[in-house]
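Below is one structure, written out as structure tokens, with a few remarks after it.
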Amino acid sequence: MSSLVVSVALCLVSAVCYAAAAIVQERVAASNEDGTYGPLRRPSWWGAVALTGVGAGLHVVALAFGPLSLVQPLGALTIVFALPMAALLVRRPVGAVGWRGALLATGGLAGLLALTGPARAESLAAGQRPGLAMGAVAVVAVVSLAARWVRRPVVRGVVLASAAGIAFGMASVFTKAAAEDWTSHRTGALVPTLVTIALLASAGMLLSQASYRGAGLSSPLATVTVVNPAVAAAVGIAVLGEGFRYGLPGGLLALAAGAVAASGVITLTVHDSVRREGRERATPGRVGPVGAGEHPWGPRTPPRGPGASSPGPGTTPYGPCRPPRTPAARPLVSARCARK
């Protein structure tokens, strides 16, 4: 078996692990009623963490057997695997719009990564790492705080997923730097780099978990899948001297691929938002949101005061009299109505 086949197989298994972890995370978020840190007490959430770790490990091993230009685009298959797995495991229908958005996001990301090449790639110098780490933490914090002012759950989930993708992407950059330090026997900056990786990876995991609450599966997962490698590629171009293949035409094609990936994420976001609003409108017994101190079917106390009108025959201060719902007692009038 050739090393290329081994690399492809490892990439596919890694994508399946990432997809399974995302499905478990979304299920934990949907059923969590124990506050912000409730998922930490769920064994299933730790199972998702383990699946994510296995997927990341397989991805790193795949890089040892195959070129970066092949391994990175195949990592974008996570969203393609997650949708049918969710339909099979948790009975979640995908629909034509969901598939279209997923394929647009995956195809655009694969094209973007395929056009990014290490033309004159450099190592991340030890002096650059503190500033890059502080900048990454600041950006992740700002994007996470911005999600607090977003009211729509699906859009808020996408914003949190963007913060998670930034954290994961920067963790990938520092992981590459740590691997180069290890192979080159440069241990001076290795420990601070490992601490930075742990901090960014933990933040990404917690933010991705928060992004699934009320937002469904597809749009947050597509956002993380696109933002993570896009951020890593942007840092590689801006800091490490990487570039686009084929010069200016390659750069223009990369911009077009990025636009396609963004359109896929937007399609999934709008689709999930419309589906959520449709479910809320279809909820029986609820026309709109219930205010504080308000009963869902009207006021709980009768009107009082000089201007309050007395109930007429066949009515009560709480509304018109209705017979009990028991079939045998339907012709009868309740005792409260009889007194009127």
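Numbers run from 1 along the shown chain.
The backbone N, Cα and C atoms fix where each Cβ goes, and this holds for glycine too.
Please treat TrEMBL annotations as automatic predictions, because they have not gone through curation.
Residues annotated as compositional bias 'Low complexity' in TrEMBL: 306-319.
The region 'Disordered' annotation in TrEMBL covers 276-340.
Sequence annotations record features per position, and here TrEMBL assigns transmembrane segment to 6-24 (among others).
Annotation comment: TrEMBL describes 45-65 (among others) as transmembrane segment.
According to TrEMBL, the transmembrane segment annotation covers 71-90 (among others).
What TrEMBL records for 102-119 (among others) is transmembrane segment. Under 8 Å from some Cβ of the transmembrane segment (102-119) lie the Cβ atoms of residues 68-69, 72-74, 76-77, 79-80, 83, 94, 218, 222, 225-226, 229-230, 233, 236-237, 240-246, 250-251, 253-254, 256-265, 267-268, all in the same chain and six or more residues away from its ends.
Note on the transmembrane segment (131-150): residues 124, 156, 159-160, 162-163, 166-167, 170, 173-174, 196, 199-200, 203, 207, 235, 239 of its chain, located 6 or more positions outside it, place their CB under 8 angstroms from a CB of the stretch. The transmembrane segment annotation in TrEMBL covers 131-150 (among others).
As annotated by TrEMBL, transmembrane segment applies to 157-177 (among others). Tertiary neighbourhood of the transmembrane segment (157-177): same-chain residues 60, 123-124, 129, 132-133, 136, 139-140, 143-144, 146-147, 150, 193, 196-197, 200-201, 203-205, 207-208, 210-216, 219-221, 223-232, 235-236, 265, 269, selected by CB-CB distance under 8 Å and a gap of 6+ residues from either end.
Same-chain residues lying 6 or more positions outside the transmembrane segment (189-208) and placing a CB less than 8 Å from one of its CB atoms are 22, 25, 49, 52, 126, 129-130, 133, 136-137, 140, 144, 160-161, 163-165, 167-168, 170-171, 174-175, 177-178, 181-182, 220, 224. The feature transmembrane segment is assigned by TrEMBL to 189-208 (among others).
The transmembrane segment annotation in TrEMBL covers 220-240 (among others).
Residues or ranges marked as transmembrane segment in TrEMBL: 252-271 (among others). Note on the transmembrane segment (252-271): residues 95, 97-98, 100-112, 115-116, 154-155, 158, 218-219, 222-223, 226, 230, 244, 246 of its chain, located 6 or more positions outside it, place their CB under 8 angstroms from a CB of the stretch.
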Closest-packing stretch to the transmembrane segment (45-65), where packing means Cβ pairs under 8 Å, from 6-24, 71-90, 220-240: 6-24
Long-range neighbours of the transmembrane segment (220-240), counting only residues six or more past its ends (CB under 8 A): 19, 22, 26, 72, 75-76, 78-79, 82, 101-102, 105-106, 108-109, 112-113, 116, 118, 121-124, 128, 132, 157-158, 160-162, 164-166, 168-170, 172-173, 208, 211-212, 258, 261-262, 264-265, 268-269
Positions on the same chain near the transmembrane segment (6-24), where near means CB under 8 A and six or more residues out: 44-45, 47-49, 51-52, 54-56, 58-59, 61-63, 65-66, 70-71, 74-75, 77-82, 85-86, 89-90, 208, 212, 217, 221
